[in-house]
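Below is one structure, written out as structure tokens; the observations come after it.
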Amino acid sequence: MRHFLDIDDLAPEDVRAILDEAHARKAARQGWPKGRVDRDAPLSGHVLAAIFEKNSTRTRVSFDAAMRQLGGATLTMDAATSQLGRGESIADTARVLSRMVDVIALRAHSHQSLVELAHYASVPVINALTDFSHPCQILADLMTLEEAGIMLKGARIAWSGDGNNVLTSFIHAAGKLGFEVAAACPAGFQPNPAVVDKGRAAGAVVHLYDDPAQAVAGADCVVTDTWVSMGDTNVGERMQALGPYQVNEDLMAKANSGAIFLHCLPAHRGEEVTDAVMDGPQSRIFDEAENRIHAQKAVLTWCLGQGTHA
Ligand code: CP
Ligand code: NVA
């Protein structure tokens with residue numbers, strides 16, 4: 001069975017195949033109404049249960065749109081109004097849902113909940129974000145880079161800000177596709193050292209800096225994310241430490257001239273990124289958001305063995 005928990009669990013050829021599937025499905029439905037089903041309707045008759053323990057706009061809508069376009073259906077649930085919110089175990093929830101749906105996506109506070117769900121489920125489980133990682137997001141980001149004409153192999157992707165779950169998934173993907181990650185994060189907000197060590201041991205090139213200018217030098221892409229992720233509590237400390245890591249026009253000017261800007265969104269304009277960068281000529285943030293649908297379709301078909309590329 002194919003779960004999609006983290007990009008570092010996948011073979012490089014599977015990551016490549018998922019990206020190819022996403023590009024192909026996007027190209028095949030240019031200009032169509034968003035709810036029209038793809039010609040091959042590969043997930044006809046299939047149902048996804050998407051469970052959210054935390055807020056979501058893009059992930060929630062893109063999973064639903066993705067399943068409709070694949071010919072299937074989605075049940076969107078949240079922990080608060082299901083029995084999970086009253087203490088039913090993840091293990092029992094996994095076993096029950098596996099009798100009712102064909103695939104499950106979970107956005108969880110704790111990555112351990114996702115691992116447990118996958119352990120007890122008898123259908124594929126997809127990571128819709130945890131405190132540890134956000135692999136669906138990174139597939140959309142990599143698609144967006146390729147659409148901008150940036151070849152992933154040998155590319156330099158700079159990160160300035162909090163060393164969070166989104167950065168973890170970039171590091172997971174780096175070794176699979178041959179791009180380098182250059183991350184500038186303040187002391188105390190560096191990326192997870194176990195992720196960096198494991199990534200490097202698997203061949204990923206990961207550079208860590210204190211200074212954002214060093215990270216963006218020679219970069220093909222500059223990425224950042226909120227300074228306060230869902231579940232973070234030390235807001236004052238974060239705002240103070242991360243202030244110098246803001247992505248603004250001065251920082252973008254230090255990257256390669258053709259560099260693009262990405263942000264998974266939601267953004268806190270004026271904090272981790274300025275309006276001028278968000279709305280500027282190098283920004284690809286709304287292509288990136290749209291690509292969540294196309295990337296998720298590729299993940300769903302891959303998990304269910306219905307992809308045309310893998
Ligand atoms: N980027 C992302 O995952 O957005 P949502 O939190 O809105 O799903
Ligand atoms: N790092 C952010 C990403 C939101 C899509 C969070 O976990 O809240």
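Glycine residues also receive a Cβ, built from the backbone N, Cα and C atoms like all the rest.
The carbamoyl phosphate binding site feature in TrEMBL is assigned to Ser56, Thr57, Arg58, Thr59, Gln83, Arg107, His134, Pro135, Cys136, Gln137, Cys264, Leu265, Arg292. Reduced to three states, the DSSP call for Arg58 (carbamoyl phosphate binding site) is helix. Sequence-distant contacts of Arg58 (carbamoyl phosphate binding site), defined as residues of its own chain at least six apart whose C-beta falls under 8 angstroms from its C-beta, comprise Cys264, Leu265, Ala289, Arg292.
Under the DSSP three-state reduction, Asp225 (L-ornithine binding site) is assigned to coil, being neither helix nor strand. Look at TrEMBL and you will find Asn165, Asp225, Ser229, Met230 tagged as L-ornithine binding site.
Annotation source TrEMBL lists domain 'Aspartate/ornithine carbamoyltransferase carbamoyl-P binding' at 2-147. Helix, strand and coil counts under DSSP for the domain 'Aspartate/ornithine carbamoyltransferase carbamoyl-P binding' (2-147) come to 70 helix, 21 strand, 55 coil.
Looking at the domain 'Aspartate/ornithine carbamoyltransferase Asp/Orn-binding' (153-303) alone, the prediction's average pLDDT is 98. According to TrEMBL, the domain 'Aspartate/ornithine carbamoyltransferase Asp/Orn-binding' annotation covers 153-303.
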Ser56 (carbamoyl phosphate binding site) and Met230 (L-ornithine binding site), Cα-Cα, nearest whole angstrom: 10
Binding-site residues close to ligand 1 - of Ser56, Arg58, Ser229, Cys264, Arg292, only those whose C-beta is under 6 Å away: Ser56, Arg58, Cys264
Inter-residue Cα distance where the pair is His134 (carbamoyl phosphate binding site) and Ser229 (L-ornithine binding site), in Å: 12
Entries of Ser56, Gln83, Cys136, Met230 (binding-site residues) sitting next to ligand 2, with Cβ under 6 Å as the cut-off: Met230
All-chain count of other Cβ atoms within 10 Å of Asn165 (L-ornithine binding site): 24
Local backbone state of Met230 (L-ornithine binding site), from DSSP in three classes: coil
